[in-house]
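Notes to accompany the following structure.
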Amino acid sequence: MESNQSNNGGSGNAALNRGGRYVPPHLRGGDGGAAAAASAGGDDRRGGAGGGGYRRGGGNSGGGGGGGYDRGYNDNRDDRDNRGGSGGYGRDRNYEDRGYNGGGGGGGNRGYNNNRGGGGGGYNRQDRGDGGSSNFSRGGYNNRDEGSDNRGSGRSYNNDRRDNGGDGQNTRWNNLDAPPSRGTSKWENRGARDERIEQELFSGQLSGINFDKYEEIPVEATGDDVPQPISLFSDLSLHEWIEENIKTAGYDRPTPVQKYSIPALQGGRDLMSCAQTGSGKTAAFLVPLVNAILQDGPDAVHRSVTSSGGRKKQYPSALVLSPTRELSLQIFNESRKFAYRTPITSALLYGGRENYKDQIHKLRLGCHILIATPGRLIDVMDQGLIGMEGCRYLVLDEADRMLDMGFEPQIRQIVECNRMPSKEERITAMFSATFPKEIQLLAQDFLKENYVFLAVGRVGSTSENIMQKIVWVEEDEKRSYLMDLLDATGDSSLTLVFVETKRGASDLAYYLNRQNYEVVTIHGDLKQFEREKHLDLFRTGTAPILVATAVAARGLDIPNVKHVINYDLPSDVDEYVHRIGRTGRVGNVGLATSFFNDKNRNIARELMDLIVEANQELPDWLEGMSGDMRSGGGYRGRGGRGNGQRFGGRDHRYQGGSGNGGGGNGGGGGFGGGGQRSGGGGGFQSGGGGGRQQQQQQRAQPQQDWWS
């Protein structure tokens, strides 16, 4: 192989001092000192104009003419010295197998200023042949920035081929940010495989899904003309790329929430889905969302726009809102899984100063699916970096808490005040483990009138796959009792301990550490990198005990949690449902232990109903306390046993009447009649996970205090 010295085409003095201008050492030619910036050499570190090659990548043999800097590294220098020659021939493994600038021109009219690369050469990514035959248009690779100054004269994407590269390619899908071209707008070329990314995305545990348990879970779907549920993913008309990603992810067959949600969303229906975390609801909205964007193609993508001030505004096709950083990150990683090797890109926005610049940088690379917390999203929209005009799909995850925890004004601002298509023009989906009536009424403001309501039985209640233990523990005995439980569980199992306050989480974790337990904590006062680090230590079992506040742990899907301990019981039984759902995931067996004392009397009756419904052991003292409250009239709960507690909510539209499909909008009862009537609610009911039996059922008038 020729040395870089032989590619110089100029003297060492010329490399060090071009016309009296000092050349920094890191831009010089390495061993010979003269291979960096001589008139014929270019920057041998960057594989630039003329003969210099990227030395570690094999070099550009056969150097061309009059050099200059490939990327200029102007740093306030004059652009005039940055015009290069014709470039070398990109044989052999240039720039780590990517053939960078092989065969292209030199460092054109713009140098490194404003992150613009050289004017010459194509970026023949993954190719081993000649480089692109035409120059970049006003700029080069630009650090993966897909701005309007970076498009070449041609737009073919030579995907992992070993022949000649296409003209001027500079991004993976260089027509995403360009006006649609009839010949290249079908996204026909799938991206190359990347073993490292595959290991990152698909190595997580999915084999632990207990589908036999899932088949026992009851499902109710209400609304007019509810789409038929599916039994297999092959029942859907999915794009072949996402079908392959589903198989690669190890999904054997759809879970109950997926069987009903995916066909409803594919059919253009809005959806309110009541399903517990861990039931597969993230895939239930991501699969139809990614599939729709793929099938719509780039012609339907709202192009990004660069303002006069140089700011680039992205217009996502889909928006997913969630209440916490961790849940947003979890959804983002799942979206990457289903969009793997497709032209679809996801972006992530959540609060915290330490990640802001990185989030904005990645956002500028392109965004079809945006996953965000409401506050950070509003901040970025106020800066003119995000527009909602092209958003055709809206998802609210953990919607009950989003609407109940003070996020409602922010959600309204995002949806109603930023030119987002109206609810009649978009598809909206809401998912949560519970949907009380008041939240349903609030959610209707964002949904079309004919939305589908889906109620999936609690995984861990009706399936009896979570053993629930309620124990009486006085406040001053909690730490001692907790350590007894931890010792009994052992280090081989993951244990999640819930407390009510951030201070309580820190104090308890500190105490357990002093007692030689491997423990970490997450709460709102920790920085984001600390929270992510602690979660990783917990997931991997390095620290098998996690002490968390409920808000910080909202929606987290952590496999293999064997034991959930409610060190502090919540004041709301719905929150109790969210918490115990962290164990017994995807149909597997788990244990939930709750410390109860006089402070928790307000939830005694509802807690008893849940225990009875799940056929769990009911302590005599809890039954007696609940009976005293019921007879004394001192508590207004949600109703007695058997009134649907096995679901996290029932469609309020069909709770107001009884009989066989009575008249009036929403006044009729039952699941009979299908779409043959104007009032009432046609739908499906299944005693198992997604059967197709359509039934007619009479409903008794619910107790008055059911939704109180």
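Cβ atoms are placed via backbone N, Cα and C, with glycine included.
Here is what Swiss-Prot says about this protein:
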- 1-191: region 'Disordered' (REGION)
- 1-21: compositional bias 'Low complexity' (COMPBIAS)
- 48-70: compositional bias 'Gly residues' (COMPBIAS)
- 72-83: compositional bias 'Basic and acidic residues' (COMPBIAS)
- 90-99: compositional bias 'Basic and acidic residues' (COMPBIAS)
- 100-123: compositional bias 'Gly residues' (COMPBIAS)
- 262-453: domain 'Helicase ATP-binding' (DOMAIN)
- ALA275, GLN276, THR277, GLY278, SER279, GLY280, LYS281, THR282: ATP binding site (BINDING)
- 397-400: motif 'DEAD box' (MOTIF)
- 465-626: domain 'Helicase C-terminal' (DOMAIN)
- 623-708: region 'Disordered' (REGION)
- 630-647: compositional bias 'Gly residues' (COMPBIAS)
- 656-692: compositional bias 'Gly residues' (COMPBIAS)
- 699-708: compositional bias 'Polar residues' (COMPBIAS)
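Sequence-distant contacts of the motif 'DEAD box' (397-400), counting only residues of its own chain at least 6 positions beyond either end whose CB sits under 8 Å from a CB of the stretch, comprise 272, 277, 281-282, 285, 320-324, 327, 331, 430-436, 439, 443, 554-555, 574.
Note on the domain 'Helicase C-terminal' (465-626): its mean pLDDT in the predicted model is 89. Every protein chain shown contributes to the tally, and the Cβ of ALA275 (ATP binding site) ends up with 30 other Cβ atoms within 10 Å. For LYS281 (ATP binding site), the number of other Cβ atoms no farther than 10 Å from its own Cβ, over all displayed protein chains, is 28.
All protein chains shown were included, and the count of other CB atoms within 10 Å of the CB of THR282 (ATP binding site) stands at 27. Considering only the binding-site residues GLN276, SER279, the Cβ with the fewest other Cβ atoms within 10 Å is that of GLN276. Note on GLY280 (ATP binding site): other Cβ atoms within 10 Å of its Cβ, all shown chains, come to 26.
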